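**Student:** Please see the structure below; I have some questions.
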Amino acid sequence: MRWAVLGGGHWGTALAVYLLRQRHMVQLWGRRAERLPCQPGRTDLFPVFPECARPEGLHCTVDLAAAVQGGEGIVLAVPSHALRGLLTHLLPCLPSTALFVLASKGLEVPSALRLDQVLREILPEAPLVVLSGPSFAHDLMLGKPLAMTAASTDPTYAQRVAEAFGSAQMRVYTSDDVAGVCLGGAIKNVLAIAAGISDGLGNGDSARAALITRGMAELHRLGTALGGRTETFMGLAGAGDLILTSCSDLSRNRRVGLGLGSGLSLEAVLRGIGEEAEGVRTAQALFQLAQSLGVDMPITEQVYRVLFEGAAPRAASDELMRRALRSELHVSDDGTPGGAARTE
């Protein structure tokens with residue numbers, strides 16, 4: 001297939017190189033030429049992967065129309081806040097039959113829309129598959145095995161992406177739960193910040209395990225309230241991605257939490273990371289959704305308070321530990337397991 005990968009960061013570059021290794025034709029697009037990993041005269045993937053050799057046949061461009069011309073598939077790998085603008089600019093030059101693969105994670109702020117919903121507002125009829133799961137660009141670049149989920153309301157599109165991306169390195173499962181796969185990939189980033197804060201405070205491995213487990217309860221409560229399915233949240237796009245992002249220092253969201261828990265300001269942490277950490281923006285949208293839907297999300301609420309209200313990380317951690325005691329399998333007044341309705 002002929003693919004256009006839109007997004008010249010680590011994830012977009014890794015996906016472009018991976019597709020090239022699977023013998024697809026690939027154009028990699030980015031907004032700024034100096035940030036694209038195809039610098040003239042260089043044989044590596046500077047600046048995103050300077051330690052990796054540039055594969056023969058990888059083409060880079062800042063011309064959006066040229067990138068998608070003749071494309072059979074378009075991979076979207078841009079930050080959540082850039083997606084709407086990119087799609088709007090894409091409209092005049094869009095190939096009529098292109099299959100979209102949404103590989104970005106997050107929620108739009110301030111609308112709190114899922115990213116597939118953003119795409120549907122602009123391209124309501126476009127064939128769409130959401131590709132998500134526990135995966136780091138670094139692992140993909142180094143040829144390490146991983147598994148992902150390809151979700152679409154049309155099973156033929158999901159199968160087409162599974163076949164295009166699937167290999168001995170990447171196992172791709174299919175799903176029809178687009179909402180659940182999108183939400184799992186977004187919510188886990190905020191919970192990973194919480195895990196990082198806990199570790200930055202020195203709370204230990206036991207506390208991290210508790211946060212991940214109770215974070216899964218929050219992911220399930222909000223995710224099902226927004227139309228996702230339980231089995232999705234227990235799978236690769238939910239629990240799998242949450243575990244990876246919460247436990248590995250390759251995770252930018254975890255590193256945000258580590259910095260905050262160690263006493264750094266948010267500005268200093270983000271400056272040190274130097275790249276987008278989707279969980280920061282997503283925390284705003286999740287807090288907004290939880291409040292409007294009456295969903296109990298105490299971990300998310302404390303992350304929001306640390307990020308945007310100046311709450312001290314230690315005080316936020318202590319607040320979680322001092323919550324009123326209740327059954328782990330709490331059922332709310334509306335009969336929803338886990339307390340879908342807010343309970344004080």
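Any Cβ shown, glycine's included, is placed from N, Cα and C.
Annotations per Swiss-Prot:
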type: ACT_SITE; residues: K188; note: active site, proton acceptor
type: BINDING; residues: W11, R31, R32, K105, A137, R252, E278; note: NADPH binding site
type: BINDING; residues: K105, G133, S135, K188, D241, S251, R252, N253; note: sn-glycerol 3-phosphate binding site
**Student:** Measuring Cα to Cα, how far is E278 (NADPH binding site) from the residue listed as 'active site, proton acceptor' in Å?
**Tutor:** 10
**Student:** What same-chain residues, at least 6 away in sequence, bring their CB to under 8 Å of the CB of N253 (sn-glycerol 3-phosphate binding site)?
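**Tutor:** Sequence-distant Cβ neighbours: N189, V190, A192, I193, G196, T245, A277, E278, G279, V280.
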**Student:** Looking at the recorded positions G133, S135, K188, D241, which ones sit with their CA no more than 10 Å from the CA of R32 (NADPH binding site)?
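**Tutor:** Matched recorded positions: none.
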**Student:** Nearest to G133 (sn-glycerol 3-phosphate binding site) by Cα, among W11, R31, K105, R252 (binding-site residues)?
**Tutor:** K105
**Student:** Given the recorded positions W11, R31, K188, R252, which lie close to D241 (sn-glycerol 3-phosphate binding site), meaning Cα to Cα within 10 A?
**Tutor:** K188
**Student:** From the Cα of R31 (NADPH binding site) across to the Cα of S135 (sn-glycerol 3-phosphate binding site), what is the distance in angstrom?
**Tutor:** 24
**Student:** Does DSSP put N253 (sn-glycerol 3-phosphate binding site) in a helix, in a strand, or in coil?
**Tutor:** helix
**Student:** Could you tell me the C-alpha distance between R252 (NADPH binding site) and K188 (active site, proton acceptor) in angstrom, no decimals?
**Tutor:** 12
**Student:** For the C-alpha pair, I'd like the distance in angstrom between K188 (active site, proton acceptor) and K105 (NADPH binding site), rounded off.
**Tutor:** 10
**Student:** Let's check the environment of W11 (NADPH binding site): how many other CB atoms sit within 10 Å of its CB?
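**Tutor:** By my count, 23.
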**Student:** Under a three-state reading of DSSP, tell me whether A137 (NADPH binding site) is helix, strand or coil.
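**Tutor:** DSSP assigns A137 (NADPH binding site) to helix.
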